[in-house]
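One structure below.
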Amino acid sequence: PPPPPPQTQTPDWHAKWRISSVISGHLGWVRSIAVDPTNQFFATGSADRTIKIWDLPLASTASDGALKLTLTGHINAIRGLTVSDRHPYLFSVGEDKMVKCWDLEYNKVIRHYHGHLSGVFCCALHPTLDVLMTGGRDSVCRVWDIRTKNQVHVLSGHEGTVGAVQTNSTDPQVITGSHDSTVKLWDLAAGKCMTTLTNHKKSIRAITRWSGEHTFVTGAADSLKKWQTKDGRFISSYRGHNAVVNALCCNSDGVCVSGADNGTLRFWDYKTGYCFQDTATVVQPGSLDAERGVYALGFDVTGTRMISGEADKSIKIWKEVDGTDETTDPIDMKGWRKQVIRESRGRY
């Protein structure tokens, strides 16, 4: 007999999102975003070689004076930013092989971490230890002691650029995604690879996770895939975003967003992989259509505002559409069931 149809998990309802303000200031593609843990400001890094610090409340209403300061020092595009929640530090990495630590009380670089042989594409801070992970075109993820600037480990094994890194407080403490289309889970104490996940067929440029589950999602041009964090067991694919996915982010409500090279954004229910909104960004007036691309995404601490960094050199802030609920904007359960059944039969 044929197998029984799979149980369709009902997705949580989420409101749709829209652009609420557009900020310009950068002179190049906006490649990276980091939000400060106190939710007062956020930082953006661009191909114009600058990092800009924006006042979050003022930027959300596109008010004057949103730009607080511009940090210069990189000599190429800034591909990764992260703000510490224990120190007043901002870490930046770029295509100039540099890894810098900025002291935000003095607004200057206080440490450089030397060792990458080529451009650095991503960075992440460990949630409990004072270590920084950076990954780049030299196919390794380097683990740095923030204070001593020493290289603690070189996590090597990937055969292509390390495009995304995620850190956890429990094992695996480091997860990397690479342009060799593999994901690796690392044992941080030993500096060794625990597991390699080979389900993707395309370069992995983004990783995110949701606080509500011990899982993570990786993004590539073939699909988004969800995995068990502990052992890397494959759970499911989120299909339909048929583009080069550059960025992923997730808020505490379980809204997962993927942004791509062609300006498309997809909003997913993290738990089930149901896509509740499929939209595209709008380029600034005077830009070419070819400048429709999303390179960086981040939610603020509350999860009520999403920030996107784009190819038209703008930063856009998104908010949920007011006044909608499950009656005005219902979940397409019929389509969702069909999709789940189709996937279970392995017809991709």
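Including glycine, each Cβ sits where the backbone N, Cα and C put it.
These numbers come from a predicted model, not from an experiment.
Residues or ranges marked as repeat 'WD' by TrEMBL: 23-56, 71-112, 113-154, 155-196, 238-278, 294-319.
Sorting each residue of the repeat 'WD' (113-154) by its DSSP state yields 0 helix, 22 strand, 20 coil. Of the two recorded stretches, the repeat 'WD' (23-56) does not lie close to the repeat 'WD' (113-154), with fewer than three CB pairs under 8 Å once pairs fewer than 6 apart in sequence are set aside. Note on the repeat 'WD' (294-319): residues 17-35, 37-39, 42, 44, 46, 48, 54, 56, 59-60, 62, 246-253, 255, 257-261, 263-265, 281, 283-284, 287 of its chain, located 6 or more positions outside it, place their CB under 8 angstroms from a CB of the stretch.
Taking Cβ pairs closer than 8 Å, the repeat 'WD' (155-196) reaches residues 121-128, 131, 133-137, 139-143, 202-209, 216, 218-220, 227, 229-232 in its own chain, all 6 or more past its ends. Helix, strand and coil content of the repeat 'WD' (155-196), in residues and according to DSSP, is 0 helix, 23 strand, 19 coil.
Looking at the repeat 'WD' (294-319) alone, the prediction's average pLDDT is 97.
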